[in-house]
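See structure below.
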Amino acid sequence: STGSASELTLISGVSENKNISIPTYFYISGFSGIPHMKYYYVFLFFVYVISLLGNSCLMFVIISDRNLHTPKYIAVFNLSFTDICESTAVIPQLLDSFLFGNQLMPYGLCLCSMFSVLLFLTVQSLTLTILSYDRLVAICLPLRYHMIVTHRSMFAIIAASWKLALVMDIIAIIFISRLSFCRHIVIINSFYCDHGPVFRSACSNNFPSYVMSFVSPVMVLWFPVCFIVFSYTCIAVTLYRITARQDCQKATKTCSAHLILVAIFYLPICLTYALSAIVDTNSRIINLSLTSALPPMLNPIIYTFMTEEFMVSLKKLLKRGIYPSRR
């Protein structure tokens, strides 16, 4: 009876077409016509748990070992922190909506969800760009690395990335908050309060939000991707000129972990945006939800197993915990 009542509420809310400025709810439609989706949601739950444990461990090791108190690992720590925040912003809300059937989201909660997801995705992207900058200077200008990439400069760059993300997302939310909607309940074809589906559902002038939908991907996706491609082109040229095979292998290994993270994060989301005209809603939601879930889980795993200096620190801490020094 509760389910039928909520369906009647949704139908009545959608069918009304009065001059409503702010809707009562947004209905997050999610996937349509895919059987056994509960298994996917359970999978996302385990991914979320692994992400929390892995990134918390990574952050703890970085804090505990003074050898990792370097500009590079300041950026890695920021990435892990952002991974935890981004996973927490997306997955619990997704599970609550689709696994427990709470797909009606109040207007204020929808804007908060949109802001937090956009903020942490933006900082994730900018942090990956910062890590590519770190590798560019370390390999192409090794003698000047410690003068260019200092603790102070790294903190300043990370702070600037957070400020940029905050400004862009606050502007986007302000534009959304000024839109008028002609229904009490607005259907959003996504897995959260996605910026694009929300502003396209408005019945007032949405041109400012339309402009932001082009500016944000350029700033958050295409510019970072272009910079990362430029960085690794310069790195590849530099490595080609290195005559010592051992130095070349060491430099390649330090870059491989970051390149894997870049591919996992950018490829699905860039392909989704580039092929948006031909990609159906279900494929788009699966790609974007996996982009939100898998990189935070894989980040600590990749850095643990593919970065030698981090493995040394981890082993040192484990030995200290298993065999504490006796006085």
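The backbone N, Cα and C atoms fix where each Cβ goes, and this holds for glycine too.
The transmembrane segment feature in TrEMBL is assigned to 39-63 (among others). Panel annotation: around the transmembrane segment (39-63), residues 69, 73, 76-77, 80-81, 83-84, 87-88, 91-92, 94-95, 98-99, 289, 293-294, 296-297, 299-301, 303-304, 310, 313-314, 317 of the same chain, lying at least six beyond its termini, place a Cβ under 8 Å from a Cβ of the stretch.
As annotated by TrEMBL, domain 'G-protein coupled receptors family 1 profile' applies to 54-303.
Per TrEMBL, transmembrane segment is recorded for 104-133 (among others).
Under the heading transmembrane segment, TrEMBL lists 154-176 (among others). Packing against the transmembrane segment (154-176) from elsewhere in the chain are residues 71, 74-75, 78, 111, 114-115, 118-119, 122-123, 126-127, 130, 133-134, 195, 198-199, 208-209, 212, 215-216, 219-220: each is 6 or more residues past its ends and has a CB under 8 Å from a CB in it.
Same-chain residues lying 6+ beyond the ends of the transmembrane segment (214-239) with a Cβ under 8 Å from its Cβ atoms: 118, 121-122, 125-126, 128-129, 132-133, 135-136, 139-140, 164, 168, 172, 195, 248, 251-252, 255, 259, 262, 266, 269-270, 273. The feature transmembrane segment is assigned by TrEMBL to 214-239 (among others).
According to TrEMBL, the transmembrane segment annotation covers 259-279 (among others).
Feature annotation from TrEMBL assigns transmembrane segment to 285-306 (among others).
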For the domain 'G-protein coupled receptors family 1 profile' (54-303), the mean pLDDT of the predicted model: 90
